[in-house]
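Lifted from Swiss-Prot, the feature list:
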BINDING   Gly128, Ala129, His130, Gly131, Lys132, Thr133, Thr134  ATP binding site
Amino acid sequence: MPTSAKALTKRLIEIPEMRRIQHLHFIGIGGSGMCGIAEVMNNQGYQVSGSDITESLVTKRLAQIGIDIAIGHDSKNIANADVIVVSSAIDRSNPEVKAALEARLPVVRRADMLGELMRYRHGIAIAGAHGKTTTTSLLTTMMAEGNLDPTYVIGGKLNASGKNAALGSSRFLIAEADESDASFLSLHPMAAIVTNIDQDHMETYGNSFDKLKAAYIQFLQNMPFYGLAVVCGDDPELYAMIDDIGRPVLTFGLEPFNDVQAVDLVTEGTKTHFTVLRRDHEPLRLTLNIPGVHNVYNALAAITMATDEGVDDAAITRALQKFEGVGRRFEQHASVEIDDGNVLLIDDYGHHPKEVDATIKAARQSFPERRLVMMFQPHRYSRTRDCFDDFVEVLSSVDELLLLDVYSAGESPIAGADTKALARSIRLRGAVEPTIVDKDNIAPVMQRLLKAGDMLITQGAGNVGQIAIDLAANNLYIK
């Protein structure tokens with residue numbers, strides 16, 4: 001049988017209802033949520049193409065696996081496509097979207113495409129304000145170690161494989177659920193995790209925390225009545241919502257009332273040792289190779305779900321031993337030599353005050369002897385405005401602070417919510433003297449501030465991570 005015929009047969013067996021669709025085109029394919037779905041569909045035998053405004057490591061990798069990539073948006077890019085998949089950043093003014101609408105092609109959101117993938121599998125969706133990517137990655141690793149071979153779509157790259165998506169051979173699909181634009185309401189999983197809830201992306205919910213909480217309840221009620229909700233019992237807002245979920249619930253946390261509890265936490269460098277207590281199971285002593293109490297919570301969420309899905313303790317133990325973390329989540333790059341010592345480079349994606357605080361605490365815990373120098377890039381003017389006081393408090397706890405301009409993510413500037421305002425308020429607090437840097441003066445500032453024995457953390461969801469890559473590659477900015 002020809003390869004194309006095999007691919008078609010594979011598609012018809014797995015999703016016969018999608019037999020009319022052969023060619024999918026992704027607009028904004030380089031995005032973290034888009035590239036994973038595109039890769040899964042490509043591996044499933046569909047013809048996949050995509051476009052993005054700029055070339056990146058992601059688009060290069062997708063091209064290497066056979067996906068037709070166009071840089072720039074042009075109506076000709078959608079030729080022969082049967083369906084167009086768009087990220088939340090793409091609107092109807094995009095030339096490819098315009099051409100698709102004129103051709104009466106279906107234009108679907110990324111979450112709707114993920115929802116269709118999930119419809120025909122045992123879907124497990126991971127939602128929450130913080131920790132989604134790490135929790136999804138941990139659960140994927142546990143289920144793979146338990147020989148369940150899941151399909152997965154993750155918002156970051158697994159360091160062990162260098163991938164953020166893969167097509168598995170089993171009925172399981174594990175995926176992140178995005179609350180930022182309420183698109184997680186398009187998913188109908190069999191089981192779901194909510195790591196925590198926080199006031200972020202409030203513009204999506206009319207600046208109403210009650211509407212945000214209602215959306216999470218609706219997300220969990222999208223499961224069948226026999227599904228399972230795994231939620232953090234230590235989060236007071238989540239715990240208060242349990243009675244409204246109307247589905248079976250298991251809680252996890254450090255408090256003794258939880259169904260799954262971690263006790264006896266011991267820190268050893270970047271490792272954390274802890275014991276898991278579960279009903280009807282023997283206590284299980286585990287070692288997590290990534291630092292921070294916040295990651296113990298992420299591990300507990302994954303352990304709770306993995307245990308319910310039948311993963312045994314030996315597989316859970318092996319998974320945690322093998323887990324190498326996720327790209328841009330407290331990712332340690334090679335140290336760079338400076339004077340008579342070195343500077344340790346750490347890169348982290350966290351962009352909310354609670355995430356930044358968790359990074360700082362994990363760094364202090366892991367490397368107490370090193371001075372903490374943070375280069376922070378605020379992400380979105382709206383978040384800077386909404387979390388301004390919390391950012392001031394958290395960022396004041398580092399030893400040296402470098403501030404980049406706000407990464408707008410398409411937003412217009414907001415008065416009093418820019419880097420200068422942030423620096424001014426931090427300076428008035430008096431704990432640390434912030435330095436504003438841009439691409440033209442990074443090198444002299446770094447050369448002046450960094451000392452042997454420091455750790456430099458590049459922090460934020462924008463393009464600040466490239467600085468850590470450049471430093472690790474060639475000591476750029478230091479020498």
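Here the Cβ of each residue, glycine as well, is placed from N, Cα and C on the backbone.
Counted over every protein chain shown, other Cβ atoms within 10 Å are most numerous around Lys132 among the binding-site residues His130, Lys132. Sequence-distant contacts of Thr134 (ATP binding site), defined as residues of its own chain at least six apart whose C-beta falls under 8 angstroms from its C-beta, comprise Ile290, Asn295, Asn298, Gly325, Val326, Arg329.
Comparing Cβ neighbour counts within 10 Å across the binding-site residues Gly128, Ala129, Gly131, the minimum falls on Ala129. Listed in chain order, the residues near the ATP site other than Gly128, Ala129, His130, Gly131, Lys132, Thr133, Thr134 are Ile126, Thr135, Thr195, Asn196, Asn298, each with its Cβ within 8 Å of the site Cβ centroid.
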